[in-house]
Every structure is written in structure tokens, then in C-alpha cells.
Amino acid sequence: MGLELGFRELGEVPYEPTWHAMQRFVAERDKSVMDEAWLLQHPAVFTQGQAGKAEHVLFPGDIPVIQVDRGGQVTYHGPGQLVTYLLLDVRRLGLGVRELVSRIEQSLIGLLASYDVQAVAKPDAPGVYVDGAKIASLGLRIRNGCSFHGLALNLDMDLRPFQRINPCGYAGMPMTQLRDLVGPVDFAEVCTRLRAELVSRLGYAEQKTLTGGIELT
């Protein structure tokens, strides 16, 4: 039997407790545990990765800034953005970090192609871009051969908070979102398409819908 990827669709959840839930999942899992992907949205928050520099947070205002343990620099999460946390046994999948990042990017490119949007990845700047504007960000952490954190895809959101930072450390980085490219977006349909892309590109045999939430403490 091939590997399954389990999906939890969690709705809108606060950032910090969700981050701690990821950490617990990775710390407590063993080789028998199914890999999971959590699909969700966050209230407005800036997260500063391990490589982040304070000067890239320009004027956060009333939006909190949280220092976290993923790779990369500062980014923004908010309602209308699809965040997907990838809790994967990378060793079991037989993937190196660069290959994992590439396959996640290809999943997003494939998803966007299903909406007739031509997107590309950049070797020097992880993420996915449409006509030079960033539509999706990536940031991962690997611990004991297992990944956490993941991707953020802009669907139908207020992009103005990105102007308060240098996204991923790039001053003036233009941002875009699916709504501005194709019109109204069905969040649930995007989730369905992304699930299929991730299962295919990451090499799973099938997907499974996991019921129940996560412990937010």
C-alpha cells in the first residue's frame, strides 16, 4: 500500500497556537504516523522567519509581529489567504529539502494552471510568481527529518499590509492574488484542487480527509 496524505481543513485559526500545535505534532510523531497537511486561514499577522531582519518590518502598526522558527524572512498572513502547513516525514518520502520546495512550488503552479494562470518559480527566491508579482510564499522547517510550516497562497484578500514590510526581504516586491487574475474565487474549490496537486507532486498514493480540529493552546 502506498503512502496517504491526510488533510485537515481548519477554517480561520489564530497563528501562535497553530504554530505550537505544529511543533507538538513533529515532536511527538513516529514513523507510524500519517503525514498531514493543514489547510486554513489566519487573522492578520506578520511572521518573521529565522533569516529575518528587523529593517524589513517597516511599519507594522496594529498588526502583530511574531518571531518564528521557519526558514525565510518576513511575510504577512490574513483572511482570504490559503495557508497550508505540511507536516511530512521527508525521509520517508525520500526527498531532499530543495526537491521538496520544488515540488511544493510545482503543486502551486499546477493549481494556478487549472485556472489558466501561468505562474513560475524563481531559483533565487522561493515562492510562485505571476508576471513578476508574488502570489504564493513558502517557508519550511525540517526537524528530525520531518517538515512543518509550509505555503501561503493569496486568493481574495487585502494586499495592503504587504506594503508595511519588505516581503521575504525584497523591498517593493509586488504582490498579486487569484481574485485579481480570474475574478471571484471559491475557497473550497481551491482547497480541493490544491489537495490533488500536492498528493500527485509529492508522490502519495492517495489522500484522506481527517475530521476534528487541532489542540490550540
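Every residue, even glycine, has its Cβ placed from backbone N, Cα and C.
Copied over from Swiss-Prot, here are the features:
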type: ACT_SITE; residues: C168; note: active site, acyl-thioester intermediate
type: BINDING; residues: R70, G71, G72, Q73, V74, T75, Y76, H77, S137, L138, G139, G150, L151, A152; note: substrate binding site
type: DOMAIN; residues: 31-206; note: domain 'BPL/LPL catalytic'
type: SITE; residues: K134; note: site 'Lowers pKa of active site Cys'
Query raised in the report: Do any residues at least six apart in sequence from S137 (substrate binding site), in the same chain, have a Cβ closer than 8 Å to its Cβ, and if so which, in order?
Result: G72, T75, P126, G127, L151, A152, P167, C168
Query - Integer Å distance between the CA atoms belonging to Y76 (substrate binding site) and K134 (site 'Lowers pKa of active site Cys') - result: 12
Requested in this report: Restricting to the same chain and to sequence separations of six or more, state which residues have a Cβ under 8 Å from that of R70 (substrate binding site).
Outcome: T47, G49, Q50, G139, L140, R141, F148, H149
Query raised in the report: Just how many other Cβ atoms lie inside 10 Å of the Cβ on L151 (substrate binding site)?
Result: 25
Query raised in the report: What is the total of other Cβ atoms whose distance to the Cβ of C168 (active site, acyl-thioester intermediate) is within 10 Å?
Result: 21
Query raised in the report: Over all shown protein chains, what is the count of other CB atoms within 10 A of the CB belonging to V74 (substrate binding site)?
Result: 26
Report summary line: Longest inter-residue Cα distance for the substrate binders R70, G71, G72, Q73, V74, T75, Y76, H77, S137, L138, G139, G150, L151, A152, rounded to the nearest angstrom, is 16
Requested in this report: Reduce the DSSP letter at S137 (substrate binding site) to three states and note it down.
Outcome: strand
**Report entry** Confidence summary for the domain 'BPL/LPL catalytic' (31-206), mean pLDDT rounded
**Finding:** 96
